[in-house]
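Asks: Got a structure for you, written out below as structure tokens; questions coming shortly.
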Amino acid sequence: MVLGIESSCDETGAGVVSGGRLLGAALSSSMDEHARFGGVVPEIAARAHLHALAPCVRTAMAEADVRPSDLDAIAVTSGPGLSTALQTGVAAAKAYALAWNLPLYGVHHLAGHVAADTLEHGPPPGRSVALIVSGGHTSLLLLGDLARDPIVHLGDTRDDAAGEAFDKVARILGLGYPGGPAVDRAAREGSATAVRFPRAMLGAGFDFSFSGLKTAVARHVEAEGTRAPLADVAASFQEAVADVLTAKAVAACRAHGVDTLTIVGGVAANRRLRELAASRCAAAGLVLRVPPPRLCTDNGAMIAAVGELLVDAGAPPAGLTLATDPSAPLTRAALAPASR
Ligand code: ATP
Ligand code: MG
Ligand code: FE
């Protein structure tokens, strides 16, 4: 049984996982405090984590109905993310590990996103392809056994992440921050075929590019002004993103002879992306795994899930010398940045 702590960005999360099952979780977001700045302010995020960490841990433990002595380990996000935000979580995790005399593991935030789905659907069967679509990353990965095998990067974004594109387009459309959920909501009333936005790099390998799309939306709004119905622009933009993401993810499965696609990260909460992925996977004979929206965005349970993989794999704990690494590369789910 593992307690996981997440504090890499603006969400403070704690979660308790046992035997691959989520027993209890708590989340606190400083999102509203960043809204008037149009993006996350690291200093504000760090202070919010400081206030929210202990209550989140207490709530998650209470919901799971576990005591510190029931735990086998503590896992905390050690990177990548905002430096001061990460340090707050790691410092708190060290305090718990010391006070409760438990081994401490550092977890890669993106490994957490990948493992989030195991809480819903169990470990991926053999080889699979994962699409991570979040606020800071857009990557296609080839996965084997999460506990043992290295993760192979098939493609990444060359500029903006998919979530970043949603956030920037939301700002262009005056929908505020955070942008993803706002665009998703606005798009419900709009037509996805109203504007034909560009599909960058479609059919050209497994890398992505979203900055041209964001610029195309800005140009369109500039040219059309208030004549451009906001819902149509939102729906057409969302369609362009979902189209490229799902086409490349399905192509990656085909290219690597894999029959399971997992989509994770905050953008995986997007209604249209989930819908289009479901229909294209069905047409291609692929099994699609997408966690429920609350496990797509940042949370503590996904970190606990990786922590349990590390414990089960017999990985050496990092202990009280655990350092943060704001730009840690993702190479393995388990056995990875633990001892750094
Ligand atoms: P990273 O995981 O890359 O470090 P992060 O932790 O900030 O970045 P997540 O919490 O995984 O990212 O996801 C947040 C992102 O997901 C934001 O960009 C947000 O706009 C986007 N997002 C959340 N919900 C939706 C939605 N329904 N539709 C589209 N995008 C969404
Ligand atoms: Mg967030
Ligand atoms: Fe994230």
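Each Cβ is built from the backbone N, Cα and C atoms, and glycine gets one as well.
Found this in TrEMBL, in case it helps:
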- 23-304: domain 'Gcp-like' (DOMAIN)
- His109, His113, Asp298: Fe cation binding site (BINDING)
- Ile132, Val133, Ser134, Gly135, Gly136, Asp167, Gly180, Asp184, Asn270: substrate binding site (BINDING)
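Provide an account of the burial state, proximal residues and distances for the features listed.
Replies: DSSP assigns Asp298 (Fe cation binding site) to coil, not to a helix or a strand. If you draw a 10 Å sphere around the CB of Asp298 (Fe cation binding site), it holds 27 other CB atoms from the protein chains shown.
Long-range Cβ proximity for Asn270 (substrate binding site), meaning a same-chain Cβ under 8 A and a gap of 6 or more residues, is found for Phe166, Gly180, Asp184, Gln238, Val241, Ala242.
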Asks: Calculate the distance in Å between the alpha carbons (Cα) of His109 (Fe cation binding site) and Ser134 (substrate binding site), and round it to a whole number.
Replies: 11
Asks: Residues near the Fe cation site, His109, His113, Asp298 excluded, by Cβ within 8 Å of the Cβ center?
Replies: Glu6, Ser8, Cys9, Thr77, Leu110, Gly112, Ala116, Ser134, Gly265, Asn299, Met302, Ile303
Asks: Would you say which of the binding-site residues His113, Ile132, Ser134, Gly136, Gly180 has the most Cβ atoms within 10 Å of its own Cβ?
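Replies: For the binding-site residues His113, Ile132, Ser134, Gly136, Gly180, the Cβ with the most other Cβ atoms within 10 Å is His113.
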Asks: Which whole-number mean pLDDT does the model give the domain 'Gcp-like' (23-304)?
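Replies: Here the mean pLDDT over the domain 'Gcp-like' (23-304) amounts to 96.
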